[in-house]
Amino acid sequence: MLPDLSIEHDLQRRGYANLAGIDEAGRGCWAGPVVAAAVVLSPAVYRQPDLLAGVNDSKQLTAGARERIYTSIQTHALGVGVGIVPAFLIDAYGILPATRLAMIQALLALPCAVDALIIDAVQLPGISLPQTALVRGDERSLSIAAASIIAKVTRDRLMATADHCFPHYGFALHKGYGTAVHRRALAQYGPSPLHRRTFQPVIEALLSLEQS
């Protein structure tokens with residue numbers, strides 16, 4: 001089933017007009033930032049949801065489809081905000097606090113007022129706005145699904161750029177996720193400055209290099 005506006009309509013009936021869907025990309029990666037996006041859909045999308053036809057959980061879409069829909073979201077959203085937390089802060093704070101920080105950054109980057117939040121799976125402490133945390137929210141809420149695509153495309157572009165700076169790791173291919181290619185590169189070259197040194201595969205690569 002594709003995400004829809006059922007949850008958004010329910011919140012609007014309760015008096016919350018501008019709703020921000022929030023999601024992240026890159027939480028489980030071995031390298032690179034965690035990126036979050038916040039998306040407020042426009043009244044036009046609520047009247048005509050097929051303006052964002054094809055929006056789904058970003059993991060279910062091809063890279064080409066994500067790029068196309070990314071453009072549609074930017075065109076039809078009332079506001080889009082992005083937050084980026086780099087690997088060294090992930091190591092300093094831990095991945096969950098870093099994810100929340102990226103989400104708060106994305107919320108603060110929105111160019112429009114927000115009445116309530118619909119978030120994929122987590123709550124944001126210290127934020128006074130009403131929050132609805134949905135497990136697998138990117139499969140249920142169109143706002144969250146749109147945010148997941150913005151976050152994923154933004155992060156993929158960053159990792160493609162990082163591939164030019166650190167060409168030995170294959171970042172353009174795997175985007176920092178754990179793959180056999182990535183593991184072999186870690187074993188051969190050791191971690192780059194973009195690697196999360198508190199993540200177990202990176203720790204193992206460091207220990208192996210120290211012992212060799």
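Here the Cβ of each residue, glycine as well, is placed from N, Cα and C on the backbone.
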Out of Asp115, Asp120, Asp156, Swiss-Prot lists as part of the divalent metal cation site with Asp23, Glu24 the residue Asp120
Across all protein chains shown, the one of the binding-site residues Asp23, Glu24, Asp120 with the most other Cβ atoms within 10 Å of its Cβ is Asp23
